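K.L.:
Here's the feature list from TrEMBL:
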- 76-417: domain 'Aminoacyl-transfer RNA synthetases class-II family profile' (DOMAIN)
- 151, 152, 153, 178, 194, 198, 359, 363, 364: L-histidine binding site (BINDING)
- 410-437: coiled coil (COILED)
């Protein structure tokens, strides 16, 4: 039998002198105690009496070396760049937001799926335009070449193709990864959640597209309705909308070669972050477009406003309506605005027809949109986006499945949610509860008997479906127990001492109402349930 003695703090000169041939565990441990107690001469005399020294095996030496290296090694605790830990209070807020988002998706008939956090590299490459450089590749382990998923849309298309699904309304809430430059102020991280809602299937033009926009407005309006603090930021937003067919038609009319359409579209997509002068410079100097073509594009992409007004302006452009792609797209937009009107002003009043919106992802084929906050104080960029992608599934199979969807940038929304929840809790003179405990079982007195009594009462409450906690301390002080309940936002405290145990009663304290009542133990669960209904 081998014993690692390095971990008890023995010097390297004495470690090898403990185990001798024929030495049992009892003798070895006794020698460890003697040497650990600084009585080295005794250990030496024992070595002499027991005879020849047994050399440790390589595995013994490895174990001892591991202990040495770990005792001396210190690693600075920090998270990787672009990632975060979330504490209990943050998780309460996040889970609340996720529940609201899931409820809206499910209200519209969506079902949820999940896909692996990594995909075959070939599945993801060439799907994201210039942003493909942000894909995280996984180190080659001698097998398949893999990458972390960049979004939830391409894995969804792969899922449809693999499972031969032609119709599905699905939502997916999960993590994605981008090798981007993190910016906490703008809500940009390398690991973050997306909340996606997509409709796959061949339906009449713009019908599912209009419902996707309705879902998007419901998401934001529901989150904003939590309180006036939430509404201050989340209640002020607009949906910028455009169509890839209109953009392609504009580029064609302006003399952009077919092979440069996506490159010029990518440059135009930067207009929400950069000036027209900088974008024009990129198109001419980097993308190789003529100055005349760039200037003509500038007369279009600066147009934005109320949907039907912009639509009428574009229909009056003789050159544009002669382009087949642009004409079909204008018909799509007219139909989309009609359906949005049918679903109420909550959608129509949020729309802004913006010809500068391009969306840099290569897989979009039709309507595209992006949500930005308009409170004038929140500089987070877009908080949601989406569009139609009819050709993506066909990249993974020999058949096409038309799709349209949206993605809520929940991490950017969470930053607003956290601040709003803190302000709401402060205004209501309460804490943000990180636990769901409804009752704290507290006692007066010490010893194992009282611990057992607290355990027994907590078990009765658990069996009744009531969330309860009890103190682990041997002699918990009542002020400390009450302070814990107040700090944790636990509304009720069930208190007992020796007298209460003998008489089969419990003192039930309602911290919110600042009241206390004597309750028979057999009625305690029912009384608690009744009180909780009014909280």
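Placed from the backbone N, Cα and C atoms, the Cβ positions cover glycine too.
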K.L.:
Across the coiled coil (410-437), what does the mean pLDDT come to, as a whole number?
P.N.:
92
K.L.:
Would you say which of the binding-site residues 153, 194 has the most Cβ atoms within 10 Å of its own Cβ?
P.N.:
153
K.L.:
How big is the L-histidine site in terms of the longest C-alpha to C-alpha distance among 151, 152, 153, 178, 194, 198, 359, 363, 364, in angstrom?
P.N.:
21
K.L.:
Non-local Cβ contacts of residue 364 (L-histidine binding site) (under 8 Å, 6 or more apart, same chain)?
P.N.:
244, 387, 388, 389
K.L.:
Suppose we draw a 10 Å sphere around the Cβ of residue 151 (L-histidine binding site). How many other Cβ atoms does it contain, all chains included?
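P.N.:
Neighbour count, Cβ to Cβ under the 10 Å cut-off: 19.
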